[in-house]
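Have a look at the structure below before the remarks.
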Amino acid sequence: MVIMSEFSAVPTGTGQGQQKPLRVGFYDVERTLGKGNFAVVKLARHRVTKTQVAIKIIDKTRLDSSNLEKIYREVQLMKLLNHPNIIKLYQVMETKDMLYIVTEFAKNGEMFDYLTSNGHLSENEARKKFWQILSAVEYCHNHHIVHRDLKTENLLLDGNMDIKLADFGFGNFYKPGEPLSTWCGSPPYAAPEVFEGKEYEGPQLDIWSLGVVLYVLVCGSLPFDGPNLPTLRQRVLEGRFRIPFFMSQDCETLIRRMLVVDPAKRITIAQIRQHRWMQADPTLLQQDDPAFSMQGYTSNLGDYNEQVLGIMQALGIDRQRTVESLQNSSYNHFAAIYYLLLERLREHRSTQPSSRATPAPARQPQLRNSDLSSLEVPQEILPCDPFRPSLLCPQPQALAQSVLQAEIDCDLHSSLQPLFFPLDTNCSGVFRHRSISPSSLLDTAISEEARQGPSLEEEQEVQEPLPGSTGRRHTLAEVSTHFSPLNPPCIIVSSSAAVSPSEGTSSDSCLPFSASEGPAGLGGGLATPGLLGTSSPVRLASPFLGSQSATPVLQSQAGLGATVLPPVSFQEGRRASDTSLTQGLKAFRQQLRKNARTKGFLGLNKIKGLARQVCQSSIRGSRGGMSTFHTPAPSSGLQGCTASSREGRSLLEEVLHQQRLLQLQHHSAVSSDYQQAPQLSPVPYVLTPCDGLLVSGIPLLPTPLLQPGMSPVASAAQLLDAHLHISAGPVALPTGPLPQCLTRLSPSCDPAGLPQGDCEMEDLTSGQRGTFVLVQ
């Protein structure tokens, strides 16, 4: 992390021991806000208007041609965007090696950080924020600009907690009917067509991201996430996500209409504005009128604020040069002072609501005087004697190496030195007996010295787990791979897993509900057991379940909270589509934390599918995990399968193959406890498609069915043909007497009383237990 002191030491020989502030042009640098690989963001204050700004300092020497073009395009887009909910561009300064972008400073930071610290928003708060986001995105689309990286990290909050849309690095121009083909964005917020590598319409891409953003605002978690990018890609393509119980039906409907897999069937911005959830608060409809807020910002069209121009002229700034800068969109010092003063004027009006009823000619002189009294213009800009422009921005002097190491990191020593220099706070000696020309006052004083230096280091962020509460509706789950010899794995294979959902749908995948679910149900088979956080008696906090972080970029694990609380019953307040999870399956484990920050990527279409990734993991499992067990002879055939044959399998075949490997592992682990048990020949028995009982104590398959060298696909196929007889519907059980080795479970059967080594599907209702058969 680059640390730069707010003040710099005075060069030796001055005879003064005080420290002097650093300055970039007309901006006094205060501190570092953040940095990346080739850029650093500084907080600075304009010396004339006393307004805080953010200066993004970019090292052009460390950018290739494509990234440099991206930076210039971002600047070009920001010059065209003048909206109260979009970060305002004030000034652009450029040297041979450096680029300085001065923008509006949002003092309350990112919406992402706000959610990680305070939890999810109420729907009323989320509606207000979403109206502002929608207004900014609609303004961009009306100007044929698509953002393509909408996420909570790019939504900033100003001093009034209003939204400011930022970071147009992936933005671009678009024309209706001409699709785009740059597959970029942040994976959790990216649309399905980006992962598939299809051409897309820009607005439809932003609407999908808007749906994810609204979900995050209301829920405090991501709708689509996964331990890796292939898993995340699969979930996005399926369009399935979970809805918490506290979300209203109208909000759920709006989110589902935005998160539609088929982009042609997604809701439009005009339809979003007319949605019932958006229209629930009439006061927000009256505030959504940017016409008044945009007064004075459309200066390139000749709409100038005469009040601001009068203030600048009173300060000695040439009016004609200011107007020319605004007309040409130069974004130099003249334009920067104009826009900063305009912002100050708006703040002054907002603090005096009664002034709107006063006639404009009567209050205009009062506002001008108040603005002039609060500007605190430095002494060097007052008219005196003529002076050389170099005195306003002298060439940087060489400082001692020890001073540089104590104040400026090695990266900023060379990259920022052309613009940073010690400034004497008492400028009376420099400008004594000299007059100042308004024209030379605002010349861009930037040194054109070349620079060389090492690369910038990345700043490490402090990662903190967030408190949360329980209570969430679960409609999708994964299979837990954590089991013990006494509790062998049960893998549920759904026939719809390998089938893509119908276009234009966004449905849940419901699992059977267990009426006897308790604290042990959700915590038994989790990689990180327990739940995080506490619940508020006033309003529900964000319901985070503690476990491994599902962010595909960082993949960090969550810590346990200070207090482990039992899960809230899912039976209270559930709608007809609400479901919960059976024991042994992973619960909903997404949470929005500081270490879950996502980054934008190019080439999301190059992410491999889930089937290929599962295949590779099965290869590693067969080579590493099986080597610790004394497996029977057929396992050599499983290990000898070539990679090329695995790559051609479908997702269902790979899941069956993994099920077979897990069964063999468990069978080998517990076989030593049953060496004296009689070996019973298997009896063909017809089961329903949902039957998934594992037999521990008898051979899993007859010896003739498992031959050395048999492929796992053929083994799984014979398993289905010989024993399961899976069909489209449930098959009736035989009415004759059952063999002695087979008994039917009674509804009152207690699973805890089973002999060691026996297993069954856990958390089943009484009606479901009657349809399963336990093999003893």
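All residue numbers here begin at 1 and follow the chain in the order shown.
Placement of Cβ uses the backbone N, Cα and C atoms for every residue, glycine included.
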Swiss-Prot ATP site partner of LEU33, GLY34, LYS35, GLY36, ASN37, PHE38, ALA39, VAL40, VAL41, selected from LYS56, LYS60: LYS56
Of 559-585, 586-612, 748-774, the range Swiss-Prot labels region 'RK-rich region': 586-612
Candidate set THR12, THR322, THR475, annotation phosphothreonine, source Swiss-Prot, matching residue: THR322
Whole-number Å value for how far ASP149 (active site, proton acceptor) lies from THR182 (phosphothreonine) (Cα to Cα): 12
Between SER186 (phosphoserine) and ASP149 (active site, proton acceptor): CA-CA distance (Å): 6
Neighbour-count leader, CB within 10 A, modified residues: THR182, THR322: THR322
Count of other CB atoms lying within 10 Å of the CB belonging to SER186 (phosphoserine): 23
Cα-Cα distance linking THR322 (phosphothreonine) and SER186 (phosphoserine), given in Å to the nearest integer: 40
ASP149 (active site, proton acceptor), number of other Cβ atoms within 10 Å: 25
